[in-house]
Amino acid sequence: MQKLKQQVFDANMDLPRYGLVTFTWGNVSAIDRERGLVVIKPSGVAYETMKVDDMVVVDMDGKVVEGRYRPSSDTATHLALYQRYPSLGGVVHTHSTHATAWAQAGMAIPALGTTHADYFFGDIPCTRALSEEEVQGEYELNTGKVIIETLGEVEPLHTPGIVVYQHGPFAWGKDAHDAVHNAVVMEEVARMAWIARGINPGLNPIDDYLMNKHFMRKHGPNAYYGQK
């Protein structure tokens, strides 16, 4: 597990490097599917003092199997996503400013241009509000459930992120690094959408044919973006 712990540590340290977190407002995890174990950031530990061996290993029920700290308070949300989506290898949650602003506004982040379409096939959805019963009950698990409910039958790697109503963004990917990459992109396109709508409040979404071209040339079966 040491290699995975190093990857998760590095991914967590990327959050302040890319300006996605203030204080301890974020967490990254990754899963070892063969062993059924997840490595995640410890709860409330400052990035400035955090070390590789501070990463916490939990099983799929959230029980700590390795580590001296409590795992992130959002662990149950991460586990719900891993259990529902076998294609996910990493999950990240932040309170990055612009993506969180869309979450607080209760609005999806609209697909307005090709930067968005290179990573997200359509709008980045916003969940419904959690009920009082859902919040007072198993809050973090129910957060995972409302993300799953909102995505429906969408392939999660085609929409590698979401904003949870009045809370903030979650993103995911093939591994921890990929999840953080998608979280960085989500914050950037959230900022771009806010600026663009300020310039032109009546701005239409990106045309479907342009969105399809940009997404498929990077992620489709005949993708040709980048190097082999």
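Using N, Cα and C of the backbone, Cβ positions are placed for all residues, glycine too.
Residues annotated as active site, proton donor/acceptor in Swiss-Prot, with sequence analysis given as evidence: Asp118 (among others). In the three-state DSSP assignment, the secondary structure recorded for Asp118 (active site, proton donor/acceptor) is coil.
Swiss-Prot lists Tyr225 (among others) with the feature active site, proton donor/acceptor. Listed in sequence order, the residues of the same chain lying 6 or more apart from Tyr225 (active site, proton donor/acceptor) and placing their CB within less than 8 Å of its CB are Arg217, Lys218.
Swiss-Prot lists Gly26, Asn27, Ser43, Gly44, Ser72, Ser73 with the feature substrate binding site, giving sequence analysis as the kind of evidence. Non-local contacts of Gly26 (substrate binding site) by the CB criterion (under 8 A, 6+ apart in sequence, same chain) comprise Asn12, Leu15, Leu20, Lys41, Val92, His93, Thr94, His95.
The feature Zn(2+) binding site is assigned by Swiss-Prot to Asp74, His93, His95, His167. Within its own chain, His167 (Zn(2+) binding site) has Thr100, Ala103, Thr143 as residues 6 or more apart in sequence whose C-beta sits under 8 angstroms from its own. DSSP classifies His167 (Zn(2+) binding site) as coil under the three-state reduction.
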- Can you grab the distance from Gly44 (substrate binding site) over to Asp74 (Zn(2+) binding site)? Cα atoms, rounded to a whole Å. 11
- Query: Which has the fewest other CB atoms in a 10 Å radius around its CB: Asp74, Asp118, the listed recorded positions?
  - Reply: Asp118
- Note on the structure: Residues near Ser72 (substrate binding site) by Cβ (under 8 Å) yet at least 6 apart in sequence within the same chain, in sequence order, are Asn27, Ser29, Ile40, Lys41, Pro42, Ser43, Val56, His78
- Identify all same-chain residues not among Asp74, His93, His95, His167 whose C-beta atom falls within 8 angstroms of the centroid of the Zn(2+) site's C-beta atoms; report them in sequence order. Trp25, Gly26, Asn27, Thr77, Thr94, Val164, Gly168, Pro169, Phe170
- Task: Starting from the Cβ of His95 (Zn(2+) binding site), draw a 10 Å sphere and report how many other Cβ atoms land inside it.
- Result: 16
